[in-house]
Amino acid sequence: MRLPGSRYARVWIPDPEEVWKSAELLKDYKAADSVLHLQLEDGKDLEYKLDPKTKNLPHLRNPDILVGENDLTALSYLHEPAVLHNLKVRFIDSKLIYTYCGIVLVAINPYETLPIYGADIINAYSGQNMGDMDPHIFAVAEEAYKQMARDERNQSIIVSGESGAGKTVSAKYAMRYFATVSGSASEANVEEKVLASNPIMEAIGNAKTTRNDNSSRFGKYIEIGFDKRYHIIGANMRTYLLEKSRVVFQADDERNYHIFYQLCAASRFPELKALKLGSANDFHYTKQGRNPAIDGVDDAKEMSTTRQAFTLLGINESYQMGLFQVLAAILHLGNVEVKDRDADSSIIPPNNGHLLTFCELMGVTYQDMSHWLCHKKLKTTSETYIKPVPKLQAINARDALAKHIYAKLFNWIVDHVNKALHTTVKQHSFIGVLDIYGFETFEINSFEQFCINYANEKLQQQFNMHVFKLEQEEYMKEQIPWTLIDFYDNQPCINLIEAKMGVLDLLDEECKMPKGSDDSWAQKLYNTHLKTCALFEKPRMSNKAFIIQHFADKVEYQCEGFLEKNKDTVNEEQIRVLKASKFDLLVELFQDEEKATSPTGAPTGKRTVLSVKPDKSRQGQASKEHKKTVGLQFRNSLQLLMETLNATTPHYVRCIKPNDYKHAFTFDPKRAVQQLRACGVLETIRISAAGFPSRWTYQEFFSRYRVLMKQKDVLPDKKLTCKNVLEKLVQDPDKYQFGKTKIFFRAGQVAYLEKLRADKLRAACIRIQKTIRCWLARKKYLRMKGAAVTVQRYVRGHQARCLAKFLRRTRAAVVVQKFQRMHVQRSRYRRMQAAALAVQCILRAYMARQRYKALVREHRAVIIQKTVRGWLARQWYKRTLAAVVRLQCCVRRMRARRELKKLKIEARSVEHFKKLNIGMENKIMQLQRRVDEQNKENRLISERLMGLESSHAAEGERLRAELSRLRSAEDDAKSNANRVTTLLEELARLRKELETTRSEKKVIEDWAETYRDEMEQMVAELKEQNGLLKSEKDDLNRLIQEQNLQMTEKMCKAIQEETQQLETDLNEERSRYQNLLTEHLRLEERYDDLKEEITLSMAVPKPGHRRTDSTHSSNESEYTYNSELAESEEDCTPYWSNLDMSLFLKLQKRVTELEQEKQSLQNELDRREEQFQRARARKARSAELEYESLKRQELESENKKLKHDLGEMRQSLSGSAGATSAAPGSPAYKVLLDQLNASCEELEVRKEEVLILRSQLVSQKEAMQHKQTMTEPVLYVEDVQKMRDAGEITQAYISLKDTNRSPNPDYHRLNEDGELWLVYEGLKETNRLLETQLQAQRRSHENEVEVLRGELQSIKEENNRQQQLLAQNLQLPPEARIEASLQHEITRLTNENLDLMEQLEKQDRTVRKLKKQLKVFAKKIGELEGGQVENVSPGQTVDEPIRPVNIPRREKDFQGMLEYKKEDELKLVKNLILELKPRGVAVNLIPGLPAYILFMCLRHADYVNDDQKVRTLLTSTINSIKKVLKKRGDDFETVSFWLSNTCRFLHCLKQYSGDEQFMKFNTTKQNDHCLSNFDLAEYRQVLSDLAIQIYQQLIKCMENILQPMIVSGMLEHETIQGVSGVKPTGLRKRTSSIADEGTYTLDSILRQLNSFHSIMCQHGTDPELIKQVVKQQFYIIGAVTLNNLLLRKDMCSWSKGMQIRYNVSQLEEWLRDKNLMNCGAKETLEPLIQAAQLLQVKKKTDEDAEAICSMCNALSTAQIVKVLNLYTPVNEFEERVAVTFIRTIQSRLRDRMESPQLLMDTKMIYPVTFPFNPSSLALETIQIPGSLNLTFLTRV
């Protein structure tokens, strides 16, 4: 931040579009400058002209570090642009809708549902200071609730704003907060009724406007009443100025009240058919807006909600139907059509359907209503006239009636809502929530806007006075000099409206005038106020309007309609018609017409009213109240409201509408600044800025600006140090003041100090950077220099070595080259010579061959040419000759024909003949000559012929010889010709074949070539494919390996996930069960408290011992002790009259339901355990059956023996004769006596054993079918009476006992008394018992068959499942099929392995059990042979389903038991539980000593087989522990002590139960100490439940201790001093991060954790249980810290992230010291660790976003975005997170499947388990110290 006027200083300049724009000075400002050279943020330069008169400079911008503060008063420069910019940054960038402005909470409507109003947010704000958390409506509600309880003063929350700004929603959330945090005192759902009033009031009082879909068209003030314990007991509502005109008229795109549209939407319901409603477009009163629907709102569903709310508030169905009937009648009334009769009268057509419906619904006559709708009655002093009215007036009268009826209905509903919320309990205090309209100004402003703005003037005055009062109190508290702050007082405006001759007064006066009108009233206003009041103006262009200068703006009001709306008149005759209705509800609406105090229906019921002065003008005017004008009524109600608000402490909520288009998170600066000016926020800023707006405590100032101090300036006294430093830094002493605890600064001084601090830090950073960079550069230079020298040395050496090597190589190369070149040249010459000779030889031979071939070729060519040419010549000659001959023939023929023709002609003439003759002569001569010549030639030829003949003869001889030779040659030639023909044919064939072969060869060669090319290509492709296949093979191998690994990992992961899911389900089930236990315990305690209160109210208790009823709980007994009197908090007034019996019955019902649910859960658990045990004990059952069969055979043999003895006795008796046979001393008598005694003894023993066996079989069967709680007193009756054959067993038992009862039987009268017959009957009864046992065994076999059938059915189902799985696998692709098959096979093998392991375990258990039974059989045989048989009580029960029959025998010299008398049980419980001090026992005695003592006493009761003693001891122990915890449940040491002892007692019951799974670690002696007669599994469950309750109470106790330490120690305290600086705070005081004497630090938390751990260790708590407690502790620490971090913007900084990580590391170090790193506690801190890392990581690029998304896997998307939005730089060197970066994070995390909940559940408790932990301590070694006063116990 620069100094004002200096270059680069940033300022705000006005802008018509954005209201204010940011700019930067380019030049320093001087006093004479009239223009400022500025540069806007977009880079444009601007010359800003200053006002020449004022020379006011632009507003300065705050430093960036202060932008986005929670409190606007924390800004250094307090002005309009700073406020607007801060709100915009918080709303747009950080998505924060709440901001403090001093005492005002500014709430901007986001037009979007935000997850910041849940129960977790309410719990987070509950009990917190207002400045410690981020601004919220819950913080204001908590502050009001806290001040009400602390100051004993009533509170008010004033919610105001424009329509659509969110007033109703804010008020609703405030009431929800009170209902949640306070609860109700009577558990009568008062808070639900308070919240249920909202949908009713919204239905009848809210409507859609152009600005808001759910606009409240009335004001309301709700008083929520509290009792002395600050629980909600009731509420009361006051309403103001209902907009009745909306009933009959709506503008475009608006709606009537919601209830009408809800009725129309629900008109199809059967119960509403009688109303004759239809669509909303069918009625005039609901269709004028032309848009009857609201997007996203289902009117039918809203109707159901409204009806439910009516029902909850006690308005029954009949009343509801009556209300709907009146509302429907109003709609029908609006459709009544009025027609003109003439110019001055009107008429309603007869039988108008809507009027008929109206009259039918309202219960009035059609004629009367139709008449008075078109007529009015005029009264004079003497006469009454009935005058018809024109159509317009009739319509207005109709609408006035509709408005009047709706207003009455509205008031009636408000009254009944108040009655439903009313309570008879005395109200101690209240919190009022005022939801009232804000300042309004429209194009046309009427009477409603005038009243609204009048109310806002009054509220603004009260607001200004309150703000001024707070400032004054602060200054006086700090004892600093102060002067009166000048602030705007709007009292003149209020006087203009409400004073004598004011606007309202003149309006009421004009209403009383007979011919008063709006115009005359306007003239009176002009005449009265135009020249006398500066706040009143007259428009230039109108005489029917006036202007009032309000505190927010000037408003022009149109006078038209003021008088009519102020009078609010309605036709009296119409009212009389309605009063005469047969409709009861309508009569009830108008019965208090004369008593109405206001049109809003102020409540008449009884309620607590503040002591305010009554309005004297209202006295004695009860009969004329209805004639009061609306303005007067509104002024009176407003005066009462102001008196109420002045008597309370107000809290202000100002709702801002960010835009007029209802767009989510869109900020319109023009609309926002307009509302800020109107709602008084800027006035608050101005008042604060006029004084000392910035306040620092001395410690905070010292911590923040320590960097500006020198060491010598720091003194031990921080206050004196701050004074000295400030005097040096700020020269003007008026800029600050020193208070008692704070320093007060003028506006701008904190920015100046921040600039100095930033400059100092910047200079220090530059110096540090300079030094570090110098050091780094020098170190780098020295390293580079050393490296360069070294490199040079090595390079130069290397170069020298390279040079020497080069020279040697060069010399060697020359020598080598010489010889090499010589050898090369010689070799080359020789090669060339040899090559030349070879070439010459080859060339010459080639040339010779070529020459020879050429000669041969030429010779053959010549021959061929000769032959060819001869053949050609001959052929040519033959062709020519033939052609010539033919041509000659043709020519000659032609000539001959011509000649013939001529001759023919000539022949016909003489000349011709002459010529012919001449020719003939010539011819003859020629022919003669030719003959001569021919003769001559013939002679020559003859001569020649002769010569030729001679030569021919010689030649002939030669030729004949030659002919013979030729003939032989011809024969040879013929043969050769045949051969040649054959050869030619063969040659032709061969040629043909050759041609074919050649063609085939060519084809084959072509194919071969193609094939070769294809093969080569194919080989190449195959090679390529081979390479690809190899790579694919490698890839597939790798993929297979990877898939195997992945499959293995996937299977492991799947198994792990399934295991985790099962564990999660188990934990959820445990958590649900434990929550039910907690709820059950809470209801039990509540039930006890109610019963005690009822007892106290009905009779005064007497001191001393008192018994309480124990039948209400299954865990309590008849032995319950109460030696203390219940102390009442209030006086002992009769309570029974105030007790809500419905509540009492509901609690009883709830207790019963919880018990039933618990019993059903327990039965389900027992059923599953039973199935598991049935599977385990199937094989063991065979051994049991064998044992029972052996026992039965033994009994049958004994029975036969007895029968045989009886037969002998009968024979001896029958063989004797006379009386002497029965005489004493005779042989028969002795035989009989011996046999009888033996029989009696054996029969008694066998009979008892049979009864024991039978009782055990029956109890086993009952246990298999149904387990019941052993603690039920009704279950402890004789078990024999529960058996089906109880009558037979009882008869047999009584008869046998009667047989043996006489100690001295009279043996002389044996036969006479029939003793033998009795013995025989006893044997018959025994046989019957045996038969019954056989039947029971048969039934057990049948059950086993059923079990086997069930197993067969399960196998069939498994087979079907396998077939289905196979069919599914066949439909899958091969890869997926293989994977599915592998997975299925692995699963199958795993299941088989588990089954085999389970079978092996069963076999081992069976073997062990058989061995044990074998020992029992051996022992039994020995006892039978020795005759040692003892009596066993027939009432003994064994609940375990499968257990060897154990007939108890009394042992001798048994150790490890404590004996006590029954009358000493009270003393035992009192000394050992009730009055025991845990500290002394834990320190001086062994851990768990009370548990050991109780168990030893229990063992003795079990040993003596005393059922009653066992039950009473266990029940008394449980109840006593509960009583101790109820009395001292807030003491951690006590709760930890009894948790440890309860768990030890539970472990002892398990360890010595005789169950094999608990006997593995026992010694032989400990196994001998096992319980022998009773199975206490049910009591183990009860003790487990008790341990769970104690654990949860321990967690709550621990949480209550840790809760105040966590936020201070983990977040606020600076563990690393100096890392985080303190930012300026606003008016809301924030908890200081500087450790004071009473401030908790991290060390406090660690010390408390050490204390918890040491106490649990001293008490001997199980290590696993300690781990669970520590895990829960760390979860609470992490959850509370993270929740506060998410709700505190000032904590989200880089330095705070470092502090958190350091604190977490300290907690981890504590875990390491205690060896608790594997308990899961560190994992619970993972969300907090990731949040701290998120504060520290880089947050700019996409890579950063990806890193954040992968790092923050334990945080939800909402939490990540919240932290990024809240991230606030503490120093100027840090940067804010860009909005684009946050959107990038949101887009990347969009696919996450997670809960939208923002905060962690701090109330969540992990389900606890109690792993079995056997004790190695021998019971017989335990000594009881005398300090316990247990001398009455005897060791056995």
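Glycine residues also receive a Cβ, built from the backbone N, Cα and C atoms like all the rest.
Checked against TrEMBL, the range among 581-608, 917-944, 1617-1644 recorded as coiled coil is 917-944. Excluding the listed site residues GLY161, GLU162, SER163, GLY164, ALA165, GLY166, LYS167, THR168, the same chain places ASN109, ASN212, SER215, SER216, GLY438, CYS655, LYS657 with Cβ atoms within 8 Å of the centre of the ATP site Cβ atoms. Taking Cβ-Cβ distances under 8 Å and a sequence separation of 6 or more, the neighbours of THR168 (ATP binding site) in its chain are GLU202, ASN206, ASN214, SER216, ASP435. Cβ atoms under 8 Å from those of the region 'Actin-binding' (638-660) belong to residues 87, 91, 101, 103-111, 137, 140, 143-144, 147, 151, 153-167, 170, 174, 211, 221, 238, 240, 432, 434, 438, 454-455, 458-459, 462-463, 466, 610, 612-613, 615, 666-668, 671-672, 675-676, 679-681 of the same chain, restricted to positions at least 6 beyond its ends. With the fewest other Cβ atoms inside 10 Å of its Cβ, the least crowded of the binding-site residues GLY161, SER163, ALA165 in this structure is SER163. Other Cβ atoms within 10 Å of the Cβ of GLY166 (ATP binding site) number 25 in total over all chains. The sparsest Cβ neighbourhood within 10 Å, among the listed binding-site residues (GLU162, GLY164, LYS167), is found at GLY164. For the domain 'Myosin motor' (67-758), the model's pLDDT averages out at 82.
Residue counts for the region 'Actin-binding' (638-660) by DSSP state, with H, G and I taken as helix and E and B as strand, are 9 helix, 8 strand, 6 coil.
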